[in-house]
Every structure is written in structure tokens, then in C-alpha cells.
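For reference, the structure discussed in these notes is given below.
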């Protein structure tokens, strides 16, 4: 399956489906494979950062570089697992987990003030000064009952983002 | 990338069950719901941006423009397959050699007439140009015959008038041949290597064609000047420009470059639509060389296409060159049944400029600052 042939066997599809916890239907996985092969122009079995950035809609996204850290060089199975958070069948827990992992850049299981500031910087660029960013962040953290030096864990994210839920869904076009 | 609110996708008979392009375009509105006190949740909730990114990964309107869509295979059962095999034998064994011979004859006739005329009539420019134009039209007809081109021309034939340029959508280099068959256009093209480049520097040069090089940045000014000079000249062949700047798969149109629309001339739109019934005429330059593309055309049954010469347009008062370009693109897209996408064709070769990302950053930043002030 990891080679350049664009034929997926039923066994391959089921394996991928299992790996992503049935977030996608078999037809969607076939569509995703066609898309994967389309993006993987060098047929290396994975999509490189360069190939991702050749999609202009992705390249203009402020979080593109951050996402590339996770998605660069994934094979198809992992690619589908990565996208599974965006399936309508994904649970709220999975979506929050995706966001948490994006913030938690060192993978230690906690998100610090600096991590949130980094993401905020990606999102706002040079249109807000660093001081203003820090001021805003300190203000909302305090309002939510946290201190500047407190780290947020996954449970905190669930509490903050859990109500009233997240809208984070993409539809996979099926021919 | 202009404001998506300004463009309306043309209605099209094709692909009605494709996801609506508007859904995949980054929205121009700010990412977060404005108003109300700014809370931690508003900063942590990056789901809209992530959704856009994931949407782009899964399907994006730009890549769709360059996807080859070969005709549906129909040889999938017991009695159709042998029929198809006979077809292959006929196409490769009979049609292809005949076509190669036809093309060879065409070239012999052309060269044996062109070279003497070019050399001997050096002094009589007007006569020489007239004969050369006719000869180029002839060789183009031979080319079209060599793929059994079935071209239907609609609309009034272009008349030779000064101060007018022709623009067309672009699917393959054969667009030029198909159009040249009818009218001796001077075209502006990317300079190619190989035998195509040789043809460009010799024969096409005599038509008054203009060359550019995409990879050279300063090239644009020199080319713009050449364009202006050409349209001012009264004896020059009418100029044909493909404002998309690259080959697109004949289901979509990408944004037109404004160069053709700021020359102060009438712009005559031409729409070209290929029928995929026998072969897909889209030249996917990433996948095939032009030679392979021609061979593919020559081993198929026929190349069927429609060419519409549309009503000439002029710049309206108060209209910018870009708006004019988009208006003409809309006219062409509607006529040929193509969908419009808001991307620059050159993104095939380069990354989008950071200003698009900055636009999003700016809009988000402004929302935050505004809500801060409201508190």
C-alpha cells in the first residue's frame, strides 16, 4: 500500500479504517487515498512539506507551519489518522485532543503560557505587538481563574473548550 | 486573490454534484464571532483555522484545476473489450501511420514553400508576410488534420483591425494551432526548449510572436513593452494572448493576468471548449512532455472542440484593468461552461505571497483588539 500504485485492496482499507477508529467510511478512505496520491507527486509514499505547501489554500493558512510539524512525512495510514479529528464521526474529546497536541509543542502533556503565546503569534502576525498579546493573554487567563505561570493540562482544555462544543468538521468528497 | 464576494462562479452543466467551491474558499469574514467579552476560550479555540487547513488538505480548488480528467473507460465487459481492442489496432496500426504521413507531407509542402519565400522575397516584406501567414495557416490545418480535429467555429471571424487583442482560455498548446488555423494570430508564449523552441525561433517569429520567460522577474516589463509596441503597429498580425498564463484542465478558469487588459485596446474574447469524448486535450505539463501529448492526440479517434468568437469588449469608465480582466473571464467561462476559481495560475510554479496569510492574521488581530476595547 505504501508504494505508488493507486489500487487499495479491501484489506488495506480495513486496516486504515481500524487505525483511525472508523472515523471515515470505506468510500471516504478511497477518496482520501486518491487525494494522497495526487499530493504525493514524487510518489515517495508520504507527502513532504513542500508538497503540502504547493496547495495554495493550505500555504496561506496561519497555522500551516505548525501543522506541518505533525503532518510532514506521514504515510497514508497516519495521514488518515491525522485527519480523523475532522470527521463528523469524531468525538468532541478527539477534537479537543487534536487542538491540545497542536499547542503542546514539546509533547510533555501540558500547555504553558508561552505555548499559547506562540500560537497566538502565528494567528495574529505583526498586527498586534508582543506586549499587547501578552496583556490580552494574561487578562483572559486571570478571568478564567489561571495564573500566568500555570500550565494547562488536557482536562483544562476539555473544561474550556468543551462547552458548548467545537465545530471542526470537513467533508471528504466522494465520487 | 480578490475578495470572493466579488466573483460569482458561473453556472455550469458539468460537475453539479461537486462540493461547492465557495465552501472551500477561505472566508473573508473574521474567524471568530465578534462582540462580547474576550475570554480564554476565544483565544484557545483555533478550530475554524484548523478546519480551513484540513479542508485545503482534503480538497482544494486550485489543484482541481490541473487534474487530468480522462474520458470514462467503456471497455469493461466481455463484448466491449474485443471491440475496444479492434479500436486500438485501427488507431495505432492504421490511423496513426496515415496521420504521420499526412503531417510529413504537410511539413514538406510547408518547408519547400516557406524557405524559398522567406529567403527570396526578403525585399518585398508585405508580399512575403502575406504568403507566410497563409503558409502557417496551412501547416496548422495539417496539424489539426493529423489528430482528426473536428473544430466547430462559432461567431464572426476576427477581422484584422489595429488596436485589438484576442484573449482565450488555455488548455494546451494545441489551442494556438486550432485558432491559428483560421486566423494568423501572433501569440505571446513561454519560450520552450527542444523542437518546439526551434519552431518558435524560426517560423513563429516571422508571425510576430512574442516570447517570455516565466522564471525571469524583469521579463515582465520588457514583455509589456513589446505588447504595447505590437498593438500600436498597424501591419502586425492580431495578437492572441492566453491571460491564464498556464494550461488549465478545461473545467475551470484561473485568474486572468491584467497585462492584456491594460493596453488600451479592444479585447475580443475567444472561448475554447474541448469535448472529452475521445481524448482529454488538457496538456498536463507536469505529467507529459508536449511530444507525448501530441502522440496521445494522434493515436486517438478525434479531437473535438468548439471555438466561440465572442463580442469585443472595451474598458468601461471607472473599471480597473483587473475588473475588466475578471469580467472578460466571466464571459469566456460562461460560454464554455467553465467554473471560475480565484487563484493565480502561476501558483503552479511558486508559493502564494505572504500577504494572503497576513490578511487573515490582520482580520483576527483586529477582532481581538476591537473586543478588548469594548470591555
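Cβ atoms here come from the backbone N, Cα and C positions, even for glycine.
TrEMBL: automatically predicted annotations, no manual curation.
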* Structure fact -> transmembrane segment per TrEMBL, picked from B:28-48, B:49-69, B:133-153, is residues B:133-153
* Structure fact -> If one takes Cβ-Cβ under 8 Å and requires six or more residues beyond its ends, the residues near the transmembrane segment (B:100-121) are 127-128, 131-132, 135, 138-139, 141-143, 145-146, 203, 206, 298
* To do: May I have the DSSP-based helix, strand and coil counts for the residues of the domain 'Phospholipid/glycerol acyltransferase' (B:164-275)?
  => 39 helix, 30 strand, 43 coil
